[in-house]
Amino acid sequence: MRKQALILVCIVVFGVVGSCHGGSLQKGYYDSTCPDAEAIIKNATEKRVANDPTLPARFLRMHFHDCFVRGCDGSVLLNSTTNNTAEKDAIPNLTLAGFDVIDDIKEEVEKECPNVVSCADVLALAARDAVSFKFQKPLWNVLTGRRDGTVSQASEALANLPSPFSNFSTLVQKFANKGLNVQDLVVLSGGHTIGVGHCNTFSNRLYNFTGNGDQDPSLNATYATFLKTQCQSLSDSTTFVAMDPGSGLTFDNNYYVTLKQNKGLFQSDAALIMNEISRIIVDELLVSEVFFRKFALSMVKMGAIGVLTGNEGEIRKKCSVVN
């Protein structure tokens, strides 16, 4: 039975991990079956991040998109087949990148321990290790023991993933559907401190906000002028800009500073300062230590959504295809 892993005893303080167990996941799940698994994944991830600073944002987004559809089961990694369009080919996932790198990391683990470590765990660990690379210490704890799902459907990605066009109530509902609360919504949105947004996910705010060729009045006017120099039409789907202007490769709490300046790139970003409760949380996260601590806790919660454990699912040999 698919279930939300309950985090029963988990002390996470900015990369310092205490005794940690989930209802279904646990710290060091592979300690006896593949003792070097986490080190292999960490080393392989760091080697690649050193050569490609865009990978932290890519892996973090991929992990998020995995967990929000069928739970954290590696279903986002599966390729489409003749008879099925998989999640990765759904419109919200067409800008995901780094699948080949996850495949390579999994291959390195397979050489050491065949058929032991799931792709879902490889992705969860690689996301953490990539984001943590610059800090040289883990920013959050990753409990392990996930199994891989065997189903991946584009329609489910469309139905479950929060949209950059979402308003506050829709975002709250999408997160609540996954057992996450308003604080998790605001905290995890802070992941937008790294990475990029493509023009077609926000250009309506520049050129056609209410359908009358107008600009979103809640968007900082100076920032809007800059964005128009980058995205010159509603139809541009290839150009992209940093989601956190001036800090797009640095994982920090600057995202919340930009929100307070009305420079949230997406409608879903701007929505976080339209609500009194979420606005209070945004203010709390302006303190760096608070952001890092709360992000760590919310990532553990997110990483436990709908996990398959025990004899459920499988351990994929190759992440892009079921066994």
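Each position is counted from 1, following the chain as shown.
The backbone N, Cα and C atoms fix where each Cβ goes, and this holds for glycine too.
Positions annotated as signal peptide by TrEMBL: 1-22.
Taken from TrEMBL, the feature domain 'Plant heme peroxidase family profile' applies to 24-323.
Under the heading disulfide bond, TrEMBL lists Cys34-Cys113 (among others). Within the same chain, the residues at least 6 positions away from Cys34 (disulfide bond) whose Cβ sits under 8 Å from its Cβ are Val109, Glu112, Cys113, Val116, Val117, listed in sequence order.
Annotation comment: TrEMBL describes Arg61 as site 'Transition state stabilizer'. Taking the Cβ of Arg61 (site 'Transition state stabilizer') as reference, residues of its chain lying under 8 Å away and at least six apart in sequence are, in sequence order, Leu96, Gly191, Gly195.
For His65, the entry in TrEMBL reads active site, proton acceptor.
Look at TrEMBL and you will find Asp66, Val69, Gly71, Asp73, Ser75, Glu87 tagged as Ca(2+) 1 binding site. In the shown protein chains, 28 other C-beta atoms lie within 10 A of the C-beta of Glu87 (Ca(2+) 1 binding site).
Its own atom aside, the Cβ of Cys67 (disulfide bond) has 29 Cβ atoms within 10 angstroms in the protein chains shown. What TrEMBL records for Cys67-Cys72 (among others) is disulfide bond.
The disulfide bond annotation in TrEMBL covers Cys119-Cys319 (among others). The Cβ of Cys319 (disulfide bond) lies under 8 Å from the Cβ of Gly74, Leu77, Leu78, Phe99, Ile102, Asp103, Lys106, Cys119, Val122, Leu123, Asp148, each of these being in the same chain and 6 or more residues away along the sequence.
If you take the C-beta of Pro162 (substrate binding site) and look for same-chain residues 6 or more apart in sequence within under 8 angstroms, you find Phe68, Thr170, Leu171, Lys174, Phe175, Ser268. TrEMBL lists Pro162 with the feature substrate binding site.
Listed in sequence order, Met243, Asp244, Tyr255, Leu265, Phe266, Asp269 are the same-chain residues at least 6 apart in sequence whose CB falls under 8 Å from the CB of His192 (heme b binding site). Under the heading heme b binding site, TrEMBL lists His192.
If you look up TrEMBL, you'll see Thr193, Asp244, Asp252 marked as Ca(2+) 2 binding site. Over all protein chains present, the Cβ of Asp252 (Ca(2+) 2 binding site) has 15 other Cβ atoms lying within 10 Å.
Marked as disulfide bond by TrEMBL: Cys199-Cys231 (among others).
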Looking at the recorded positions His65, Cys67, Thr193, Cys199, Cys231, Asp252, which ones sit with their CA no more than 10 Å from the CA of Glu87 (Ca(2+) 1 binding site)? His65
Cys67 (disulfide bond) as reference: those binding-site residues from Asp73, Ser75, Thr193, Asp252 with C-alpha within 10 Å of it: Asp73, Ser75
Please tell me which one of the recorded positions listed here (His65, Thr193, Asp252) sits closest to Cys72 (disulfide bond), measuring Cα to Cα? His65
If you measure from the C-alpha of His65 (active site, proton acceptor), which of the recorded positions Gly71, Cys199, Asp252 fall inside 10 Å? Gly71
